[in-house]
Amino acid sequence: MITMSHQLEKLGYRKYECRSCGNTFWSMKERATCGDAPCDEYGFIGNPATDRSYDLYEIQDKFMEFFAERGHEPIRRYPVLAKRWRDDVFLVGASIYNFQPWVTSGLVKPPANPLVVAQPSIRLNDVDNVGRTGRHLTCFTMGGHHAFNSEDNTVYWEEETIKYCHDFLTHIGIDPSEITFIESWWQGGGNEGPCYEVCVRGVELATLVFIQYRTLPDGGREEIPLKIVDTGYGLERFAWISQGTPTAYDACLGPVIEKLVELTGVKIDEEILAENAQVAGMMDIETYADLRELRKRVADKLGISVEELERAAAPMESVYAIADHTRCLAFMLADGVIPSNVKEGYLARLIIRRTLRLMKDLGMKESLKDIMNIQVEFLEGHYPEIRSHHEHILNIIDLEEHRYARTVKRGRRIVEKTIKYLKRDGKAEMPLEILIKLYDSHGIPPETIGEIAEESGFQVKIPDNFYTLVAERNETETEMPEEDVHLDYPATELLFYDEPDDLEFQAEVIGIHENGLILDRTLFYPEGGGQPSDTGYITAEGCRLRIKHAEKIGAVVVHRTDDEICIEPGTTIRGFIDSDRRLQLTRNHTATHLIVSAARKVLGDHIWQAGAQKGVKSSRLDLSHYRRITLEELQEIERLANEYVMMNVPLKVRWMDRDLAERKYGFILYQGGVVPGSRIRVVEIPGVDVQACAGTHVHRTGDIGLIRINRTERIQDGVERIEFSAGSAAIEIMQKTGDILRESSDIFKVTPSQLPGTCERFFTEWKALRNEVSRLKEKVASLKILEMKDRAERINDLTVIIDTVDADMDEMKNMALELSATVDAVVLANPEGKIVGAASEDAVKAGLRINEVISQAAAVLGGGGGGRPHLAQGAGPATDKVDEALEEARAALSTVRN
């Protein structure tokens, strides 16, 4: 722990030890406890701690202005979708996430130094507590002032940080004698360091972290070159203590809550709310047992039963949770999260479906789209980016609401089947793992599962922290660690960046690795970024090697060959690139950028590249999107991409410092994925697209030639795949399509323009003929049935029909079922070795099992059969033994007594 007592002492604070929790803390006045709950009760409810009341946005402005006046550059908030610039977490959980890992590792300069930001942040690790405790939120605004100190540039450290905090709190009218600084340790997002938790009247308002370490995978830590001031001021809590309302929701979401109360008719009991918040503040609410204990304590204080408390509090808690959740969704969806069954999309869908369930509990008739509209209208005055995505947000919510309704309807059958299996295994209660799996895999809410289970007398216990458990399983990316292969050779000089048109080069062999050559320089593009490697050949001293693949291991390019290597290290070689392949891959790569840009224009700026694979003949591009792309949209994307080609825009390709590139272009740079390094290669198509990209590209968009979109498919929930071709491959596809059109026209002896109408007419006529054939078959079958009825025979006490018919399996089943209404048993076979049996209800009650009869008969055909006692079928390859099979059936029936 670094020592930070000097500044605190100068400000008049003294060190104490909390008699309740044992933590070390600092205070201006002598006190026994540290000032944080549960050691101290909330002392601000009904008794505001500041000199005036602030709403959330007033305190946010006050915070930003305070630090701007003290030399901090205000920066715009980052998207809550952290995957825009990092690949280890899905959502922003604190303002420091904005600068991890690139700035905090020292690789990249910060956007300003020092800086201040009001960052919307999302944490779902307490989602079940939202609405219940008065203080828990899924989405909150973290005010952060940050300073990044290096060896040659010390901005400020602990003394200034502590004074800034003290001054800001007193600036808004908080009595300094009520402020405590608790010594602690912080860890998050891959970094850690000592910290102070700053509390007033029982609530933690800010955390002052002094980041000095990187957290290692094994739990250890190592020092980092930067020393970072990372502060987090909970701005919702500042608004809360300034207003003294019963809950933080009332202080920050008042207009939305008022509208929800009006719509639901829920009665707000401020006595219960205040008492609940007071008691919750004294508890660490982590588990189901904690929540039960909270309710018991509140009920005891109010002199009512737990059941009475739950009846009174549950509707209010639902209103608060809906207000919080819709705010969280507004930021998620505006910033590009697409609800799905995976990754950040799963978390968005979890919040959507939990909100829908809460609305159902309240008996709300309004749609979630209606409620989201209320929330968006409230937020858009403060966040222009939410205003610009208003329609997009509502479209997604509307679609998700309909999907949820279908899921619940479909879920009944799945739940009933699961309960049946559990009962068969002797279980009387659904295990938690299965409850979570039904939600995780099928989207069935636990409350719905409980309702269905209750109907069949099966027990389901839903933990109060169910959604928290589910969220925790899905909050971070889980990837298999890659094997770290290191080659002890100098970095390969990559010639294709400076000389993109060259196809021949000279280099020296500096090593051999497995079946590959390592050169000091190369024109071979190694596979990466979804672009396959170049191929070609290498020659030296009469030796010629075909290069099938080039790959980059670290900074070293290995040129793979299937030939026996006949070149020694130290040899000078000549390399030759397959020109047609390079040209097609280059065209397809630039075409990918154009299609992404066109898709964003047509579908919306939520579109984000989820993957890509370039090819010679065709390429594919995966895009995040909440619904299927329509034919009209696809045609417009194709038209726009080709318009970019015809504009013949010259590309600008250059290396830039990462921080400068991000400042100029934003995170749109990382459409193709997050790239490492302090310097990145920026490929800009002015007025069209810009991306950080290491692939090969044409000089001008006109060099691509034709772009042809071939097809689309939904490869997973929330991801659309576009398959396309460019250049000569696109022309080839067009010509093949034209050939198919001409051949089809020739078959019908019409012109291509007449083909759709002709096909429609032929299809209509074919359907009519099919219906006529079906009608005639039914008539023939009826005649055949009459004929067979006349040939019914008696076997012991049974009336049976055994015959061969020229009909398929379905037709034989229909015949057998119809005949079994007039006789005891029917066995029919066709010349293809198919056999069917049916038995009347009376015959089955008397003991006839037609499935056993058919099984014996099918065995004669060399096959097998089965079914139910009243209807069965079978088949076998021995078509010459159909008559024998029927005789076997006759023999089997002769053993049955009616």
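The count begins at 1 with the first shown residue.
Quick reminder: no glycine exception, Cβ is built from N, Cα and C everywhere.
In the three-state DSSP assignment, the secondary structure recorded for HIS589 (Zn(2+) binding site) is helix. Within its own chain, HIS589 (Zn(2+) binding site) has GLN531, LYS614, CYS693, GLY695, THR696, HIS697 as residues 6 or more apart in sequence whose C-beta sits under 8 angstroms from its own. Under the heading Zn(2+) binding site, Swiss-Prot lists HIS589, HIS593, CYS693, HIS697, citing sequence analysis as support.
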Using a 10 Å radius on the Cβ of HIS697 (Zn(2+) binding site), the other Cβ atoms enclosed count 21
Other than HIS589, HIS593, CYS693, HIS697, the chain contributes near Zn(2+) (Cβ within 8 Å of their centroid) the residues THR590, THR592, GLY672, VAL683, GLN691, GLY695, THR696
Cβ packing number for CYS693 (Zn(2+) binding site), 10 Å threshold: 27
